[in-house]
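Report on the following structure.
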Amino acid sequence: MKKKLYTSLTIAIMILIFLFSSQSGEESSKTSGFILSLLPFFNNIESAEFYIRKLAHFSIYFLLGLSAFQMFSAYDHSKSKAFLFSILLCFLYACSDEFHQSFSSGRSPQVFDVFIDTMGAFISSFLSCCFFYKK
């Protein structure tokens, strides 16, 4: 049961990331603008949209890392293997995600985004290792 649940959740998050990457630059800016409208305290911060975008990268890959770690753990991998596999999966997906963005109008791949994505996954996988791993 847990295998199917965490595998489905991991795939769902990956699909969500793919859909966000498919947005044009204009659509992506509208999404960021909507988020900014929900957080009025950011309106006075210069380059707030930049920070919102980077936080979005970190957050979605934090969730992907958490889900991937739980998925690999459900398949009876050791804690260290689940950790490494989840980081590897997230890193490779972040690389492919940035490549995919290069085909979206007004978007370009950013190595820094891969770093932020991987850090989000690393931190959530590390926390999962420390607090949620049960074997």
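In case you wondered, yes, glycine gets a Cβ from its N, Cα and C as well.
Note: TrEMBL annotation is automatic and uncurated.
Annotated domain 'VanZ-like' per TrEMBL: 9-129, in sequence order.
Per TrEMBL, the feature transmembrane segment maps to 55-75 (among others).
Look at TrEMBL and you will find 82-99 (among others) tagged as transmembrane segment.
Under the heading transmembrane segment, TrEMBL lists 111-133 (among others). Sequence-distant contacts of the transmembrane segment (111-133) (same chain, at least 6 residues past either end, Cβ-Cβ under 8 Å): 54, 57-66, 68-70, 73, 79, 82-83, 86-87, 90-91, 94-95, 97-98.
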Averaged pLDDT, computed only over the residues in the domain 'VanZ-like' (9-129): 88
Positions on the same chain near the transmembrane segment (82-99), where near means CB under 8 A and six or more residues out: 14, 17-18, 21, 61, 64-65, 68-69, 71-73, 109-111, 113-114, 117-118, 120-122, 125-126, 128-129, 133
